[in-house]
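Structure, as structure tokens:
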Amino acid sequence: MSKAAGCRGFLHHVFDYETAKTLVIPHFGVGIVFRFTQLLVVLYVVGYVCVVQKGYQETDSVISTVTTKVKGFAYTNTSDMDPRMWDVADYVIPPQGDSSFFILTNLVVTPEQTQSHCPELPNPSTVCKDDCDCIEGYNDPRRNGIRTGLCENFSTTVKTCEVFSWCPLEVDTRLPKKALLAAAENFTVLIKNSITYPKFNFHGRNILPHVNSSYLAHCEFNRLTDPDCPIFRLKRIISEAEADFQEMAVKGGILGILIDWSCDLDWWAGKCLPKYSFRRLDSQNQDNDVAPGYNFRFAKFYKRADGVEERTLIKAYGIRFEVIVFGTVSDSESGCNWVMLTCMRKRDLYTKEKVTYLVESPDSEPVSMGTTYGTQ
């Protein structure tokens, strides 16, 4: 075969146009199966994708900020400490938190500690008979200090290794069986939450437009009678989480305040409102109750008249509240735009008015072709 013939064959192969041929089969059974299959596809697209999954909509995730303000006071008068009035500066620790706040409900106080020498608390690893049982300089992170090498009387019947530490040592087994700040159940918290969905330029706030200062002065959240109030009584929060405040207050715990901002902007945006729910987050497994609750230590330091540093050690038990904001928003604007620009009878006019073409001339200012305002 010549080169010319081979070249013509290649060109025919490249530039030949092929089109599908339709064969119509007049068969009732095959036609029923074909139309039924088409119907299933239409039902899936319209019924499931569009109606159930709302596949025509765009979605966005929430961006949120939260601040809280607790109010309330309690009075205590026990044998372990002098009569005392507790206000927000005493029981909210720290004063500011990142979408969370802690309410002190119970505590073990060890006053007048100084850095000195004292016998360790009795324990299989600290009990001794003589100095030979106590290695000088030994430091166990799970104990209370550095050993001096001496075996001292802890009581009339028990001797333990002496340590250099903050003395007297804390005895945290003296936790009150009833929460010291039991009145904390009547404390209230104001939650201020602002959110935005940047894709749709939508902004929201849990303090709704109709809420004013006089309303906030007396309102309290109630799911049935006052669901818009952003002020919550702690006892109600914990009750809705199916927990008991007084039981939880003894050893502490963690509770979630969940704010759901999921919305459908196909409807009126004014109906995009926060929905509150409450849930206890710390473990409640009865088969594994090791280290239950929530606690931590902090100290208040003083300087005595003789120049010696002194502190009051506090092991604080309480409830940590975590404010968790979540949500997604959906809008069908993109689907409506597609229908308007492709299916409507006046789609060319809509395209002209919606889309602006920018033409730049090298010797002049950019020129805009078309307009962006609506028709008359």
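Each Cβ is built from the backbone N, Cα and C atoms, and glycine gets one as well.
No curator has checked TrEMBL annotations; they are predicted automatically.
Counting only same-chain residues six or more apart in sequence, the Cβ atoms lying under 8 angstroms from the Cβ of K71 (ATP binding site) belong to V88, F187, T188, V189, L190. Marked as ATP binding site by TrEMBL: K69, V70, K71, T188, N295, F296, R297, K315.
Within its own chain, C167 (disulfide bond) has Q113, T114, Q115, S116, H117, C118 as residues 6 or more apart in sequence whose C-beta sits under 8 angstroms from its own. Residues or ranges marked as disulfide bond by TrEMBL: C118-C167 (among others).
Per TrEMBL, disulfide bond is recorded for C128-C151 (among others). Around C128 (disulfide bond), the C-beta neighbours below 8 angstroms that are at least 6 residues distant in the chain are C134, C151, K159, T160, C161.
Using a 10 Å radius centred on the Cβ of C161 (disulfide bond) and all shown protein chains, the other Cβ atoms total 27. Annotation comment: TrEMBL describes C134-C161 (among others) as disulfide bond.
The annotation disulfide bond is assigned in TrEMBL to C219-C229 (among others). For C219 (disulfide bond), the same-chain residues lying six or more positions away in sequence with a CB closer than 8 A to its CB are V211, D226, C229, I231.
The Cβ of C272 (disulfide bond) lies under 8 Å from the Cβ of F202, G204, W261, C263, L265, V329, each of these being in the same chain and 6 or more residues away along the sequence. Per TrEMBL, disulfide bond is recorded for C263-C272 (among others).
The feature N-linked glycosylation site is assigned by TrEMBL to N186. Listed in sequence order, G72, R233, L234, K235 are the same-chain residues at least 6 apart in sequence whose CB falls under 8 Å from the CB of N186 (N-linked glycosylation site).
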